[in-house]
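Peer 1: Below is the structure I would like to discuss, written out as structure tokens.
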Amino acid sequence: MLQKTVGSSIKSSSSCLSSLLLFRRNSHSRNGQVVEKKKQHDGLFLQKSKGQHLLTNTRILDAIVRSSDVRPTDTVLEIGPGTGNLTMKLLEAAQHVIAVELDKRMVEILRARVSDHALQHKLTIIQKDVLKTDFPEFDLVVANIPYNISSPLVAKLVYGSNTFRTATLLLQKEFSRRLLANPGDSDFNRLAVNVKLLADVKFVMDVSKREFVPPPKVDSSVVMITPKEVKPDVDVREWLAFTRTCFGKKNKTLGSMFRQKKKVMELLSLSEAGIATNASDVVEEQGDNRLLCLDTDASVFKERVIGILKSNGFEDKRPSKLSHGQLLRLLSLFNQAAIFFHSLPMDLHDY
Ligand SMILES: C[S@@+](CC[C@H](N)C(=O)[O-])C[C@H]1O[C@@H](n2cnc3c(N)ncnc32)[C@H](O)[C@@H]1O
């Protein structure tokens with residue numbers, strides 16, 4: 001197993017605390033950076049598979065809390081509190097913190113640390129996998145998340161049922177750049193198009209890998225995600241399946257993408273399945289049921305798909321250059337013509 005060890009032996013809560021409270025007791029500080037000594041690297045195994053890279057620079061922890069705009073009346077959701085370096089700062093700033101942590105050892109350390117400061121009444125710990133947890137109500141999210149679940153976690157926040165003001169997240173730098181990309185940018189992608197349908201994303205700051213224990217291989221960035229107040233009226237499952245189709249090869253024109261035999265056959269069978277679930281909506285919109293007689297002949301079906309692209313000026317367009325408004329219009333034109341993109345319920349990992 002890929003593991004790193006830190007801290008002295010985790011045998012009692014006090015030894016947990018001495019080992020991991022920003023490594024203060026046996027550490028020295030250089031330019032705000034708390035540096036742990038080698039001798040502390042025994043006892044608690046930090047697991048790469050769980051993304052256990054602890055942020056130890058108090059200056060950066062403070063900057064994250066400041067930029068997240070926490071109010072004293074807020075309940076903050078923290079995902080992956082680890083040993084509580086960020087949690088302690090959030091407990092100072094907010095009314096309440098809900099911390100979701102998978103690792104029992106981290107939970108024990110966090111509980112002991114918070115009790116030592118008599119702040120346990122302000123903290124709720126949920127010891128579970130965040131992707132399998134229904135969140136209680138919260139006002140905002142502030143978290144240094146495990147990078148291996150960035151995509152499904154952002155999807156859970158943005159496409160989930162909780163309403164919140166903002167989510168300030170420390171992410172892998174490359175992932176944050178993908179999230180920040182806009183239509184027309186060379187790196188505009190499916191993640192960005194899906195997140196930005198429902199939220200705005202703002203860059204906050206870069207954080208060097210040197211600020212973590214153990215240092216990850218790559219640098220990180222903080223971004224703030226703000227859900228849009230007005231959300232587009234679209235079937236989310238259709239949208240997500242549509243963008244998966246369009247952004248699979250985002251630099252192809254829509255015309256060449258939808259001329260591929262494989263794509264046509266896929267869309268034909270999805271549309272047959274989709275008609276069963278969407279039939280009443282289509283009939284309502286069209287006023288009759290003519291469009292529900294889907295062409296079972298692939299070549300006729302293909303001509304219909306291309307016809308929609310051609311007559312609406314989309315044939316030569318590349319998905320990465322289209323705005324959300326244009327993509328929504330194209331999806332609506334397809335759906336009105338009983339051409340559907342999804343059949344099965346979506347899973348978080350499909351986003
Ligand atoms: C990057 S560390 C952050 C630790 C701490 N917030 C800090 O900044 O020092 C990520 C934390 O998330 C936890 N974690 C990993 N996968 C998780 C999951 N699926 N659900 C909840 N917590 C998870 C890890 O155990 C680890 O404590």
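For all residues, glycine too, the Cβ spot is worked out from N, Cα and C.
Because TrEMBL annotations are produced automatically, they should be read as predictions rather than curated entries.
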Peer 1: Please identify which of Glu92, Glu101, Glu108 is recorded by TrEMBL as part of the S-adenosyl-L-methionine site containing His53, Leu55, Gly80, Asp129, Asn144.
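Peer 2: Only hit among Glu92, Glu101, Glu108 in TrEMBL's S-adenosyl-L-methionine site, alongside His53, Leu55, Gly80, Asp129, Asn144: Glu101.
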Peer 1: With a 10 Å radius around each C-beta, find which of these binding-site residues (Glu101, Asp129) has the fewest other C-beta atoms nearby.
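Peer 2: Among the binding-site residues Glu101, Asp129, the lowest count of other Cβ atoms within 10 Å belongs to Asp129.
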Peer 1: Pop the mean pLDDT for the domain 'Ribosomal RNA adenine methylase transferase N-terminal' (60-229) in here, whole number is fine.
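Peer 2: Mean per-residue confidence for the domain 'Ribosomal RNA adenine methylase transferase N-terminal' (60-229): 96 out of 100.
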Peer 1: Least buried of the binding-site residues His53, Leu55, Gly80, Asn144, going by other Cβ atoms within 10 Å?
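Peer 2: Comparing Cβ neighbours within 10 Å for the binding-site residues His53, Leu55, Gly80, Asn144, Leu55 has the fewest.
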